[in-house]
Amino acid sequence: MSLKRLQTLKDHILPDHKPTAMAGSPSPLTTHVLNTAMGVPGSNMILFLHRQDPCTNAWTQITTGITNEDGRCPGLITKENFTPGVYKLYFETAGYWASLGETCFYPYVEIVFTITNTEQKYHIPLLLSRFSYSTYRGS
């Protein structure tokens, strides 16, 4: 089944979690997926942004997105919704590698991070191969 068809099905099943569009407003949180094994952007990868409830520790999904041809996913969160707390970026790596005819060791990657100063910009890249990944706080 194609990635586009799976995304269409997901949108019909989970209508409350459609990607968030931010017309003209830059997101204070950005990400960039790089396929280091092939030296190309990690395009068409599904990802989810969650925020942790500080009282219950339960995760609430904020948005769903798909990386573009450059491996980026614009519009993750609006400045108004970007509050201090613990966040998680969840990347669907198995589907990404399967779309390239490959298998991988890590079926997904979760990057959990803490935001304390919402006036700053946060960039969280994911450097990815079939058998490893790394991340860091970029600018």
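Cβ atoms here come from the backbone N, Cα and C positions, even for glycine.
Feature list (source: TrEMBL):
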type	residues	note
DOMAIN	24-138	domain 'Transthyretin/hydroxyisourate hydrolase'
BINDING	His32, Arg72, Tyr136	substrate binding site
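Summed and averaged per residue, pLDDT over the domain 'Transthyretin/hydroxyisourate hydrolase' (24-138) gives 96. Those residues noted as binding substrate (His32, Arg72, Tyr136) have their most widely separated CA atoms at a distance of 15 Å. In this view, the densest Cβ surroundings among the binding-site residues His32, Tyr136 belong to His32, judged by other Cβ atoms lying within 10 Å. Non-local neighbourhood of Arg72 (substrate binding site): Thr30, Thr31, His32, Val33, Pro41, each in the same chain, at least six residues away, with C-beta under 8 Å from its C-beta.
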